[in-house]
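Encoded as structure tokens, the structure appears first; notes follow it.
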Amino acid sequence: MSRLSGFTNRWLVFLTALVLWQLATAASDNVFFPTPWQIIHHGWSLWFTTADGGFGLSDSIFEDVLPSTARAVGGWAIAAAIGITLGAALGRSRTGMQYVEPLFAFFRALPSPALLPVFIGLIGIGSDMKLSLIAFSCIWPVLMNTVDGVRSVDSVKTDTARSFGTPRTQWVAMVVLPAALPKIFAGLRLSLSIAVILMVVSELVGESSGIGANLVDAKAAFDFLSMWAWIVLIGIIGYVLNLALLAVERRALRWQPTRAAVASAKQTTKAGG
Amino acid sequence: MPTMLEVRGLAHRYGSYAAVENLSFTVAEDELACIVGPSGCGKSTLLRCVAGLIKPTAGGVTLHGDPVDGVPADLAVVFQDYSRSLFPWLSVRGNVEFPLRTRVSNRTERRKRAEEALAWVGLEAAGSKYPWQLSGGMQQRVSIARALACKPALLLMDEPFASVDAQTRADLEDLLLRVRREHGSTVLLVTHDIDESVYLGDRVLVLSKSPASIVADLTVTLPAQRDQIATRGSARFVELRTEIARLLHDRPGAPPPPNAANSDALAAERFLAAEREEARQQSSH
Amino acid sequence: MRPFVRGLIGLGVLLLVWDGVVRLGLVAADNLPPPAEVGARLVDLLGQEEFLRDVVATVLAWLIAVAVAVAIAVPAGLILGTIPSVRTATRMLIEFLRPIPPVALIPLTMIVVGSGPDAKIFLAVYASIWPILFNIIYALDDIDPLLLDTARSFGHRRARVLATVALPHVAPFAFTGLRLSAAIALIVTVSTEYLAASELGVGAFIITVSNSPNSMDDVLAGALVIGVLGYLVNEVLERAGRRMFRWSDTTRAEALT
């Protein structure tokens, strides 16, 4: 019951905001601010209308939306793989980390969009450059969080595993990584939002395909309707990717109790004797 | 009865601080020996030396004749802090199967052994739950099942019942007595509770304040079948208890300093810190 | 060896590898100048008033952005965290706004407020509100009910419970949020300068010099300044947080954002 009302409540406010936006923009009639209805309508014609005017996925989906999204997800996945592996290795060695910690913290603090000229210089304009820039920017939060998580393994669990003569691979796979998982996921989420930013940024120069390129082109052509449509699309992509990652996280961290669940579990065990 | 565990001239120092000094004792097969001593006296250090978790500064430990160097394969430890010792990301069954992964290669066999061990402690229905869904006493029963599932030659228990309430504690004590009778386990149990040591033990080793050394080795001449009310009320029980209490508190030549409790806690704290430091250095190399 | 010395060794090795890669001709020196050249350029730049003005412009915009973000996010977080109905009501809106990357809003911001300092401040505020806001909300969720009951058992009223129990509990988490926000705000400030073609700021400097040939030493020197700035801010805030909230276990705080 409360769940249902919560659900309607959420969407109600969202829809109300949408309606208000519609009314305000329609009333002001400003070219900079098209109404949400116009934006949706335009987005439909951009992405869901084929060349002959019928319904279907447009060329823009295959030439702009999918390649851009694939680069963001791909770069992020590369960063995740490298970051977790390297982080798990470095987190086990305190001295090893001391050599590289300031450097990594520095890389994390670098505003990666400013590195775009460097990456263009080194790799050239192209998919490889974009992918590398995204991966480079996404690595640091995952890496640092993995190191943190791996270090936070409880001393009693360490002793327990040692007292059972646990071999190294089992120790890493079944104790260290699960213990570090909540932190790793926090890093992955941060990285994902960075990946979406860099997806846009990496397309701002050189080429004319991709989400970011279209956004800039629309602005340069004073095509505010398209600009808005692309901005909304980026928001939706960010939202969906985040949602997907949350679903994976929820599954992977299923074992983690919420405070409410712990409280109710205690109640039932007490009541049951 | 053959000797299962032999500790000879064991000493452990953290820097210049001696936690354990020249300790020697043996535990026979099938025996349940309790070590009782004031808190912070080095009991845990002793237990960790026996478990091979830390290397003693001097002396040696042998388990069924083999010198202990590193953690022996057929040894299991039950820690006091069950909430930190159980792996929260594994189900109850997963926790019990954890040590079996290296010992039993067959998956179904492993599953069977885990179910069996859970049945011994009366948790056959809880296998698919996560530890936090169980009460404290049940969680500690899971750790006991996990330790027993390996069929260890020696079961070490570090204050296993110190973190549960009194009723649960009595239940767990009886559970331990039952499973060890059924499986003929050899148990070395560390406790600071005099009553518990007498109630559970075939023998009680009384430790002095740090550096720990053995003050007395008492054989508990109580009937093998113990009962929470009858045994604890028997004259022999009270006698033993009083004797140990006297040994612990009025040791001739070692009057307790006025702030004894405080300094004990401090010593325990110091040991723990020193030990962590040591473990850290070991793991980083 | 002290950690500091180890850090220096790590830095030294990186510089040597960098230098070696350029010397061996693995990459063209035009694309990646050797470290000595970048260092010399950096020293040179730090003596130029124009460049220093850029640095000051960036730092100033960044400071204002963080201050505004705190002023918005802290009250908002406290309200959303304590009044469930407000929270459920705004949830969809927030969940939709949060993942919109600030750079996607650059074109829009440029149209509305131009490419002056307002634009970068606005975008930096937008980006840096979230970590503080969410850290506060989740921290309020996470208060041990026992603590609240204890406070109530002493007969404290709701407002007092909030002040004596909730705020101290929330403070370290909010501070962790602030640290993350500060880092993000700096990145967004520079990115906006860079992408929105601002007139002042380190980002603007980088975009201007990157258009002329053989200017990679300038680009790297500019990036270096920002990186060091971000690193120092993070370090200072982390140390301050550890000092101020010694009683608290904030290791979990970062996992919340």
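Any Cβ shown, glycine's included, is placed from N, Cα and C.
Worth saying up front: this structure is predicted, and the values here are computed from it rather than measured.
Taken from TrEMBL, the feature domain 'ABC transmembrane type-1' applies to C:55-237.
As annotated by TrEMBL, transmembrane segment applies to C:59-84 (among others). Counting only same-chain residues 6+ beyond the ends of the transmembrane segment (C:59-84), those with a CB under 8 A from a CB of the stretch are 90, 117, 120-121, 124-125, 128-130, 132-137, 139-141, 162, 166, 170, 174, 177-178, 181-182, 185-186, 188-189, 201, 229.
Positions annotated as transmembrane segment by TrEMBL: C:96-115 (among others).
Residues or ranges marked as transmembrane segment in TrEMBL: C:121-140 (among others). Long-range Cβ contacts of the transmembrane segment (C:121-140) within its own chain (Cβ-Cβ under 8 Å, at least 6 residues beyond either end) map to 61-62, 64-66, 68-70, 72-74, 76-78, 80-82, 87, 98, 102-103, 105-106, 109, 113, 166, 169-170, 173-174, 176-178, 180-182, 184-189, 192, 253, 256-257.
Tertiary neighbourhood of the transmembrane segment (C:161-188): same-chain residues 58, 62, 65-66, 69-70, 73-74, 77-78, 81-82, 102-103, 120, 123-136, 138-140, 142-143, 147-148, 150-152, 226, 229-230, 233-234, 237-238, 241, 244-245, 248, 250, 253-254, 256-257, selected by CB-CB distance under 8 Å and a gap of 6+ residues from either end. Positions annotated as transmembrane segment by TrEMBL: C:161-188 (among others).
Annotation source TrEMBL lists transmembrane segment at C:219-237 (among others).
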Sequence-remote partners of the transmembrane segment (C:96-115) [C-beta within less than 8 Å, at least six residues beyond its ends]: 122-124, 126-127, 130, 188, 191-192, 195-199
